[in-house]
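To start, the structure itself, in structure tokens.
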Amino acid sequence: MGIADGQRRRSSSLRTQMFNKHLYDKYRGRTDDEIELEDINESKTFSGSDNNDKDDRDETSGNYAAEEDYEMEEYGSPDVSYSIITKILDTILDRRRTFHSKDGRHIPIILDHNAIEYKQAATKRDGHLIDERFNKPYCDNRITSSRYTFYSFLPRQLYAQFSKLANTYFFIVAVLQMIPGWSTTGTYTTIIPLCVFMGISMTREAWDDFRRHRLDKEENNKPVGVLVKDGNNDAQEVYTLPSSVVSSTAYLTKSAAAENNPPLNDDRNSSQGHFLDTHFNNFELLKNKYNVHIHQKKWEKLRVGDFVLLTQDDWVPADLLLLTCDGENSECFVETMALDGETNLKSKQPHPELNKLTKAASGLANINAQVTVEDPNIDLYNFEGNLELKNHRNDTIMKYPLGPDNVIYRGSILRNTQNVVGMVIFSGEETKIRMNALKNPRTKAPKLQRKINMIIVFMVFVVATISLFSYLGHVLHKKKYIDQNKAWYLFQADAGVAPTIMSFIIMYNTVIPLSLYVTMEIIKVVQSKMMEWDIDMYHAETNTPCESRTATILEELGQVSYIFSDKTGTLTDNKMIFRKFSLCGSSWLHNVDLGNSEDNFEDNRDNTNSLRLPPKAHNGSSIDVVSIGDQNVLDRLGFSDAPIEKGHRPSLDNFPKSRNSIEYKGNSSAIYTGRPSMRSLFGKDNSHLSKQASVISPSETFSENIKSSFDLIQFIQRYPTALFSQKAKFFFLSLALCHSCLPKKTHNESIGEDSIEYQSSSPDELALVTAARDLGYIVLNRNAQILTIKTFPDGFDGEAKLENYEILNYIDFNSQRKRMSVLVRMPNQPNQVLLICKGADNVIMERLHDRELAAKKMADICTSTKERKDAEAELVLQQRKSLERMVDEEAMARTSLRNSLSSVPRASLSLQAVRKSLSMKNSRTRDPEKQIDSIDQFLETVKKSDQEIGSVVNKSRKSLHKQQIEKYGPRISIDGTHFPNNNVPIDTRKEGLQHDYDTEILEHIGSDELILNEEYVIERTLQAIDEFSTEGLRTLVYAYKWIDIGQYENWNKRYHQAKTSLTDRKIKVDEAGAEIEDGLNLLGVTAIEDKLQDGVSEAIEKIRRAGIKMWMLTGDKRETAINIGYSCMLIKDYSTVVILTTTDENIISKMNAVSQEVDSGNIAHCVVVIDGATMAMFEGNPTYMSVFVELCTKTDSVICCRASPSQKALMVSNIRNTDPNLVTLAIGDGANDIAMIQSADIGVGIAGKEGLQASRVSDYSIGQFRFLLKLLFVHGRYNYIRTSKFMLCTFYKEITFYFTQLIYQRYTMFSGSSLYEPWSLSMFNTLFTSLPVLCIGMFEKDLKPMTLLTVPELYSYGRLSQGFNWLIFMEWVILATTNSLIITFLNVVMWGMSSLSDNTMYPLGLINFTAIVALINVKSQFVEMHNRNWLAFTSVVLSCGGWLVWCCALPILNNTDQIYDVAYGFYNHFGKDITFWCTSLVLALLPITLDIVYKTFKVMIWPSDSDIFAELEQKSDIRKKLELGAYSEMRQGWTWDKDPSTFTRYTDKVLSRPRTNSRASAKTHNSSIYSMSNGNVDHSSKKNFFGNSSKKSSERYEVLPSGKLIKRPSLKTQSSKDSIGGNITTKLTKKLKLPSRNVEDEDVNQIIQARLKDLE
């Protein structure tokens, strides 16, 4: 017990609240039995229905606080140890402490607030229940995701501002400056600007937080219905129920429907006449008889003890104790996807004793009970409490335990239940989801700020050094020239030591610019707006643009090393799709949803049948989304009445148009409208599984001939009596029978008369039932044990047939059994019962009647799979070693083969090799074609591609197929050369064949002998399972068994006894189920796709290429997480997956062994999978945690499943703390991701369909995961480069300018005199050098976005801090110092020592000033800035021209005749001297020339990655490839609606033809390119988009996807360079990691044509 007690953190609460203790004890092998409330709860029948993943949830935990939480645990009243000073500090700093009561919180369950018991527990003033810990009312239900309060903003912001070292430095200087007699520049010239600049920064931060407050207000003001028993009601407060509840206040459950036996589960049949008038949902009865009204309250107004009424699809506003509900068996379902990431619905039940009281209206109105619950805590998976009811018979109090099945938490959604009444037990910040959020999120600061602070420290040291140096010079000159009355006219006056030193410090202190941070704030505001205005990151479906809520850390978007992503709703689309199935040894693709997916949103929005560009073309077709109703499109694809070639499908002209659709309602239900049709089954090309399927598996290259359900249904309709057709129909029937879905017929006229809503707690079953409907087996109704199915025996166009099946028993699925069974009495088999079982492949295979054969085949498949994966891994390792040798053979030999996977950021090996290869080429020639050739040579030798991995897969599977041909004979379908032999005679069947297309189907199916060959079917089925699993699909194996009626009845008695047993019920039920689930016959396999969002796989692959490690942290179960890992390519086919569990005997040895293997380079790709229970164990052991973190930093990826929100935050914090220079990014969409988002350096929220919880607290929000690519690779890189260049240019100009002051002191005996005129000196940073640094900080783009997206390896520039570091800073300091020396000394020599007109301070300073202003402007805008445009020229003209105007205006400001002759010197003296102008010109040009020569020499000798690709992207052929590679990311911006005249003016400019101003001419010209009315592109080759120009123009130019016109290479030039550059296109395609297929001209032309259409 000592060990267990040591694990407890809240030992005196109602329960320990330490579920880590249970896990730790379980891990340590504790066997002593303790009786706890949870054990009692599990022994009762009322504890809730069996949940598939309950055991997994009980093992998962996360009882810890992330490091940012400031949490203090006290028991009893806080007044004892909670001092007044601590309270004040907590209020000011907005710190939150957690206190605990001695025996839990006691809450009366009373609807009548006038009852004596309620008044005793409530305050007299407002009637709110009292929190015993504070003797104050419980907190309200307001939540706050903002970072500051009214009281905490000022102290926290002052801390944040003075953490910027420059502000601290200037504050000290300002204090010294205000000391009388010390300052020579005024008293308040530093403190006032400092306060203004800090005020601007604080105002911007206040505005950002104000927006968060505004979003909080939106959620806090949501309405909810509250039951109130009060005679005085305000009519305006009465809550209006949803129409669905008003129309059917008494929703009939399955049991009620069985009693009334209606023909359908129809809402209209659930009328007032069928329900119990005393039921709680008779709201009229509650109102009229019991004076219970439904009031509308805002969420924030809810208090503990309120009775909340929820209706279907409502969000749960607070943590509620269930009182009653109208679901079947008093059961309700909640979706907790936003809470813990689980996709399956959870079953919840009110306590049976409590439900007895509140089920009736009278009981609900008059209930008087009490509940004692635990104090607020972070444990999402456990709950403990006591229900106290009074026994009126003997006046005793009965206590009943409450468990997690009796409560529903905030962040959940009520599903499949009409009405629920619950009482608030935790509100606001004390709810579970808010307790898991960080209570005191830290103020985020960029990593670059730390470097800036160090540089400022260095500059302070420099200022102090040169100030002391100047003072030393002053002392020496004073002794030499002033002391001993040598300068008698000064009367030996001395200012003193301190004033003299301070004068130098004040003169030099602006080397550190005072406006540094405020200028950076202005730049970052513009940067954030440019991100928000990016149309490529706009999600049209949800109308969600990119939103920047924090401008402070913009540059960190370009430095990310780790990405932590949620799964549900972030990577996935929250949809389960029935994608593939295997039947009798042949695999089939179910692609019914591909033509009607949400990807058509843009097309449906305009209601036009338009073509959209695909991510990958197939078989020469570039159709990605096609409306099947467009016959023109079908004609172009060949689906018309024209003769059908081999391999093509028949025409759809005779098929009725599809009108079926599916409307998903979360993961709980789907409304299916319309009847099945052949047109609905018709899909696009076979290989298009979904957006992400194109990169799911390399096996597609071999499996591209897979047939679809369209082909299968057509075959069944043509040959209904064939053996395969009979088995297929039986398989479809099994899909429709073996499930627990509830069909509900709806009669919403707007939906359609044939619409049926399927409700299920499992999204997988929802996908199976909808697939059965697609295939012609419609689950129509369920009444008691009768399941009605509508079939179409004569085809979808024929008359439907209703069949009734009696469901005798359900054997439910759970996490131990991993299978589900249903026993059915078939209509035509009265003496037999059909058992249909579905489950995991290993579970079903070991229960087949020939299990030995299945086991042998499974072993063979496993061996083959292992050999294939080993071959793939070996290929990857060889490629990596070759890559390392090419970079640096000697250096890499001394380092680990896996050093690129360590936590220390490293450069891309591919780019290093490219640079080395190009440098070797450059030593001989600068031929660009040889540059490309060198890149291609490098990639061909060492770079892995999907085709090479695919070739390994194909070779392995072809070898297996060859063995099958040798074993089963040449008439097997995979041979493809022999006609299969079915029951129908060959000659007869050949006469019935109309097309060769039928032959392909028959060859795919195989002969009857093969279909009946059990060994063959099992082998092919296991092979299909392997292929499906590799693609990341969730597989289920179906099996069946016929049972004699007598055998069934005997078993049913035993099964009934097990279900009614009072002891060990669960074990006995499982044993009885296992008894009947034996000796099964294999039926088929289904593969369900957890649909990823568009572009997720491609995005993750590019993220990996960028050198960013991606982790997936999810609350879902392990199997689901691993499947998604395969789907999104987080786990490769050849990956070594290391699973860490609490059952591992020596887990630390296991982790060390894996770490050593990774270090040795023997693992090609390593992924660690860990669950929440194991993480909880690691938390209690620092040694385990340190070893685990070290292992994770070496692996390629980590998947953490069953993770609580706090555990997600802990994982992020642990990695963030390993290296302070690493930048972490967390992305999620739900409330369970808030803590993770706040813990990371950068938090990105997905503002999607499931609410704005994560988006509200995030730093940046986007609509889809794929937008992360442009956010990081383009805007992140630009922001990092702009900020770095701004910092460098700022320090450069300050050092260049103020070092001239130091040099000039030698000519003034170090007197502290300034070289420059005071007004000019004060305006230097404001008027003459602010624009160039602002422009480079706002608009710098070193490379084009298409280059950055196509070559993600370039992202390492920011990740490795190559844009701003000490080396680069010192390089700029040396350049600035050199220029200062050149300018000042040459000025003295050329003007000061030779001028006869005026060689005083004023002209010397004027020449210096002119040269420095010109140098800074030209260097910033033309030397350092890559995208030179009109803004660069404008800023230079304004700055330099403004300085000249200023010089002319200075005499007006200084109109008095003084020795310092400003008033007349320029016009009357040196301004007329040609030497002055020549000196100014030479000093302005010479430093600029030296800078240009230095930069050119550097680019030629040591080119950076940016230099290489900046040159390559200027070439037309390379730009074309780059645009094609980035088309999917930039398509929206390129194809967005634009002004047609823009393209007209552009083409006029390129073609050098006269511009026309006639609108009619422009309209005619545009109409000749494309048609705006119907949105269709004219593909006619006769169309000339160059208007009235000659055909030579169209032959000379082509249009890129971006709309840019480029010249076509001439045929003569192309042929002459065929030997050298003929393969440049192919080579560059490999380099840029474009799709693996060859980019054919017709594909490019289709992109161009679509681009021309979208330019309208």
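Just so it is clear, glycine is given a Cβ too, placed from its N, Cα and C backbone atoms.
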I'd like to know whether Ser1255 shares a side of the membrane with Ile1518 - going by the topological domains in Swiss-Prot.
no
Binding-site annotation, Swiss-Prot, Mg(2+): partner of Asp566, Thr568 in Asp1196, Asp1219, Asp1229:
Asp1229
Candidates are Ser627, Ser1261, Ser1541; I want to know which one Swiss-Prot annotates as phosphoserine.
Ser627
Looking at 588-610, 956-978, 1554-1576, which stretch does Swiss-Prot describe as region 'Disordered'?
1554-1576
Taking the Cβ of Ile1170 (ATP binding site) as the centre, how many other Cβ atoms fall within a 10 Å radius?
24
With pairs closer than 6 in sequence left out, are the transmembrane segment (1474-1494) and the transmembrane segment (1396-1416) joined by 3 or more CB pairs under 8 Å?
yes
What are the helix, strand and coil residue counts for the topological domain 'Lumenal' (1387-1395) according to DSSP?
6 helix, 0 strand, 3 coil
How about long-range neighbours of the transmembrane segment (1433-1453): same chain, 6 or more residues beyond its ends, C-beta under 8 Å?
1317, 1319-1320, 1323, 1327-1332, 1334-1335, 1406, 1409-1410, 1413-1414, 1417-1418, 1421-1422, 1462-1464, 1466-1467
Per-region confidence, the topological domain 'Lumenal' (1179-1318) (mean pLDDT, whole number):
88
Could you work out which of the binding-site residues (Thr568, Phe813, Asp1233) has its C-beta surrounded by the smallest number of other C-beta atoms within 10 A?
Phe813
Asp1229 (Mg(2+) binding site), number of other Cβ atoms within 10 Å:
31
Could you give me three numbers for the topological domain 'Lumenal' (1179-1318), the DSSP helix, strand and coil residue counts?
86 helix, 21 strand, 33 coil
What residues elsewhere in the chain lie close to the topological domain 'Lumenal' (1387-1395), defined as a C-beta under 8 angstroms and at least 6 residues from its ends?
1307, 1403-1404, 1407-1408, 1411, 1470, 1473, 1475-1476, 1479, 1482-1483
Compare the Cα of Thr568 (Mg(2+) binding site) against each of the binding-site residues Phe813, Arg1034, Asp1116, Ile1170, Thr1174 and report the nearest.
Asp1116
I'd like the Cβ neighbour count for Thr1174 (ATP binding site), meaning other Cβ atoms within 10 Å of its Cβ, all protein chains included.
26
Asp1229 (Mg(2+) binding site) to Asp1116 (ATP binding site): how many Å between their Cα atoms?
14
Quick check: in three-state DSSP terms, what is Arg1034 (ATP binding site)?
strand
For Arg1034 (ATP binding site), what is the tally of other C-beta atoms lying within 10 angstroms of its C-beta?
21
Take the C-alpha atoms of Ile1170 (ATP binding site) and Asp566 (Mg(2+) binding site) and report the distance between them in angstrom, rounded.
15
